[in-house]
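All remarks here apply to the structure that follows.
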Amino acid sequence: VDATWKELTNVLSGIFCASLNFIDSTNTVQPSASFKPLGIANGTDHRFLRYATLPREIVCTENLTPWKKLLPCGSKAGLAVLLKSEKLFHSSFHSQAVHIRPVCQDQQCKTMSLELRQTLNVVFDLHTSGQGKREWSLFKMFSRTLTEACPLAASSKIYIDITDNPQEEQFELSPATPLLSQAVVLGDRRTFSVYDLTQQVTFGTVRSLNVLIRWKSTEGDMLRPLLHAERYVAGYGLQTGEIHTLMYNNHPFRSFPVLLLDSVPWYLRLYIHTLTVTSKGKDNKPSYIHYEPSKDRVRPHLLEMLVQLPPHSVTEITVQFERALLKWTEYTPDPNHGFYVGSSVISALVPSTVAMNTNITEEQPLFSTFFPCKEESSYFVRVYTEPLLVNLPTPDFSMPYNVICLTCTVVAVGYGSLYNLLTRSFQIEEPNPGLAKRIANIIRKMRGVPPL
Amino acid sequence: MAAPLTLLLIVAVTIRAALNRSSLAELIAERVEVVSPITAWKRVIEGLALLDLGVSPYSGDVFHETPLIIYLFHFLVDYAEITFMLADVITAVALYMAVKDYNKQVFRKQKFSLEADRYPADCRELIRTPKEMYYIPLKVAMFYLLNPFTILSCVAKSTCGLNNAVIALFALTTIKGNVLLSAIFLCLATYQSIYPLTLCAPAMLYLMQHQYIPVNFRRASFWWFVAQYLFMYLGSLFVIVCLSFFLLGSWDYLPSVYGFILSVPDLTPNIGLFWYFFAEMFEHFRLFFLCVFQINVFFYTIPLCIKLKDHPVFLIFMQLAVISIFKSYPTVGDTALYLAFLPAWSHLHRFLRNNFLVSCVLLACSALFPVLWHLWIYAGSANSNFYYAITLLFNVAQILLVSDYFYAFLRREHHLTNGLYLKKKDGSEATLVLK
C-alpha cells in the first residue's frame, strides 16, 4: 500500500501543482477509527487507509487552475466563470476539495462507477470588501455575472439561504425567483431560494444573472454550531510545551461522543502519560484510546480518542511534549519561523434537532448529501482545528566546520595527553648545550675526540 | 568506622529527602545536564504508561531503558524516591568497603616491598602510613554521597544512579576477589549501557593477581582464567538478554536500547561532545565520525592495561573516567562516580600539576551550564554555541583532571623505583620529563 500511496501523492502533486510529493512516511498515519471509506465500499480495513497533512503548504492560484480544468466546461461556461483567482483569494477562508467515491450507477446497483466530487468553499468578509454599504452581489464579489449554464451540466443551480428572512425584513433578494427548496443541512431545516441556470427565464431580458442582496436591518442571528473546537500551544521556552485542544458542545441537553485524531510530527515528542481530559472541571476518561508512538525520522505520533462530550460544556485535552534538536540539514530555510503541526480532526455524530430524510434523492441540493446519514436523529460532521506553529531550538547554522574542528580538538587533547603518558617514560632531563658547544661536539665526534 | 559512616548516610538521605519534598524536584528532573534520553525518569514513566495502553514501549522512540528496568519499576514505581536513595546508599557503602579492602592490600604490598628493601633510601616521604589511609574509605563515601552531582542525579531519579550502584558493587566484588559475582555485576552494568564492557580487562587483571596467576601470555593458566571469566560474563549476559526477550516477548528492545546508544539518533543537548557534533555533521561523514567517536571510548583499554597491569584498581578508575567523558549520552551522575575515587589517590597530591585550574574550571562550568541553557532556551538572547562552549570546557577540564592523576601516579611509581631526589650527571637537581 505504501508504494501505491507514494505513487498517488506524486500523481496528485503533478495534477494539482501542489507540493503533495512532500508527503512521505514522516507525515502519513494510519487512522484506525476516524475515517471510513465513502460510497459503497466493501470493507473498512484500516490497514489500507492513509492520512497525511502538509500544514505548511498554502492554497493558491496554481492549485485553482488545474482544479478548474477538471470541470467539464472548465472556466468557460456555467458557474465556474465566476471563479477568477484575484477575487476568489481576496477572502477570509478558502478551501478546495476533490473527493472520489464508488457509487451505484442506477437504482438496482448492478454496476459501480466512480463519482468525482469537487467542492470549493470561500468565505468573503462583507465589511472589508463591501466598501461600507451592506449589499453584495455576484458582480461585486466576482466582477463577473452569469450568462449561461454549462451545456454539459445536468443541473446548475444557485441556492440562497432565506430561512431567517421569510418576510423580507432582513434583506432583499433580487432578481426574484419563484423556486424554493427545503433541505436539512447540519441538523437544521433551511429554506433556499433557487436560481436554476438551465432555465432560460432565469437570465431575464438582459441575458445575464446578477444575484443581489441588499441588507435592511443590522440584526441577525449567527448560526452557532453545536460542535466546534480550537487548539493552541502553551508553555514557554524551547524545551517543553503543552498542546491544548478545546472542544465545545453547545447542545443544551444532549451529550454525544466525538472521535479526536491527532497527528503530531516526530520532533515534538509527546508524553502520553501526561494526557489529561477534563470536562467541566472533572476528569473525563476517554473510552477508546489508540496511540501509536512516533519513530524518529520515520513516522509521526498518532493519537485517536473517543471522548464523550457532556452537554453545554467545554472539554479540554492537554498533552505535554518535548522539542527535539534536529540535524542542521533538517531545518527549513527559515528555521525561526517555526514548524507546523497539522490540524486535529474531530469526527462526530451530532444529534440534530430535526428528523432527517435518509433517502438520497435527486432533488436534494448536492451539498447536503455529502456524508450520508444512516439514522434520522444525528448527522455526521468533521471539524478541523487550526494548525499550530511551534518553534524548535536551532543550532548555529554557520558553524559546521568550526564545530567539527573544536570537538575533534577536545578529543585530540584527550588522546594526546593519554598517548604521551602511555608511550613515554620519565627521564632525567639533560640541559641542551649551547649552539657553539654543539657544533664543536659534532666536529670533535668527526675527529674521533671525546666531546666536551 | 561504622558510626561515622552511618552518620554520613543519614545526612545524605536527609538532604535528598528534603530536596525531593521541595519544589526543586521537578525543576531538577528536567535539567539536561542531569538526565539524558537514556536515563530520564519521565521516559520510564512514559514507558510504563505505554505498556498500560497496550503498546510496546519500544515501538516509539521515547523509551530507551532495558526490559529489566521496566520490570523493576512496574512494582516499584510508587517507591521510586526510596529506590534511588537506596541505590546511592548501596553505591556509597560498596565503595567504602571496596576502598577499605584495597587499602589493606596496598598496605600489605607496601610492607612486603619495604621488607624486601625495594624502595630507594630517600623515598621515606612517599611511603603511605596507616594513619593517613585510615579515613580514606570514609572520604570516598563522602565524596560520592555529598557530591552535588550525585544529589542532583538522585533527586531527578535518573537511572544513572542504578548503573552507578551496579558498577560500585562490581568494584567491591572484584576487589574482594569473588570471580562469579564480579562477572555477574559487570554483566548487569554492560546490559544497561554497553560501555562498562571495557571494565572486563581490569577485572581480569585484578582477579588474576589476587589468585597469584602470572599475567603472561605464554602461560596456560592465564588463558584458562581468561576463558573462565569470559564464560561467566558472557553466560550471564546471554541469560539476561534471553530473560529480557521473554519479559516482553520480542527482540524490539535491542535496537531501541543498544542501537540507540551506539548510533546516537537523538541530539538532545547534554554535557557530552556528541550532540552538537552530530547536529552540525555533514550527512556524508556521519557514519565515519560515529565509528570514530565510539571506538574512542573502547580504544584506550588495551594500552592502559599494558601500562597499568600492576595497578588494576587505578586502571578501573581510568576506565570509568574515560567512559564518563566520552560516552554518547553522559550526565553528571557518571562524572560523580569516578570523582568519588579521588580520595583513594590523595597521596598523589604533591605530583599533581593542574589541580587549581581543573577545580576552578569544573566549578565555573557547573555554574554556567544552567545559566547559558536558560539564555539559549528561555531568554533567546544566546544561541546554542554558548552552551556548546561550556560543554567543551567541561570535557577539557575532565580530561585534564584524569591525565593529571595518571601523570602523578606514574611519576610516583617512577620515584619509588628510582629515588625521590634525582640528580643530574653533574650533581645538581634534576627535572623529570616524559621522553
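Note that Cβ sites are derived from N, Cα and C of the backbone, with glycine treated the same way.
Some features that TrEMBL has for this protein:
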SIGNAL    B:1-17  signal peptide
TRANSMEM  B:68-99  transmembrane segment
TRANSMEM  B:134-159  transmembrane segment
TRANSMEM  B:229-251  transmembrane segment
TRANSMEM  B:257-278  transmembrane segment
TRANSMEM  B:285-302  transmembrane segment
TRANSMEM  B:314-344  transmembrane segment
TRANSMEM  B:356-379  transmembrane segment
TRANSMEM  B:385-407  transmembrane segment
Selection from B:68-99, B:229-251, B:314-344, the stretch that has most Cβ pairs under 8 A to the transmembrane segment (B:134-159): B:314-344
Recorded stretch, among B:68-99, B:229-251, B:257-278, maximising Cβ pairs under 8 Å relative to the transmembrane segment (B:314-344): B:257-278
Intrachain neighbours beyond the transmembrane segment (B:257-278), with Cβ under 8 angstroms and 6 or more residues off its ends: 32-33, 36-38, 58, 61, 64-66, 193-194, 286, 289-290, 293-294, 325-332, 335, 369, 373, 384, 387-388, 391-392, 394-395
Of B:68-99, B:285-302, B:356-379, B:385-407, whichever stretch has the most CB pairs under 8 A to the transmembrane segment (B:229-251): B:68-99
Cβ contacts under 8 Å made by the transmembrane segment (B:356-379) with residues that lie 6+ beyond its boundaries: 31-33, 148-149, 269, 271, 332, 386-387, 390, 393-394, 396-398, 400-401, 404
For the signal peptide (B:1-17), sequence-distant contacts whose Cβ falls under 8 Å of one of its Cβ atoms, 6 or more beyond its ends: 81, 85, 88-89, 92-93, 96, 100, 137-138, 141-142, 145-146, 151, 154-155
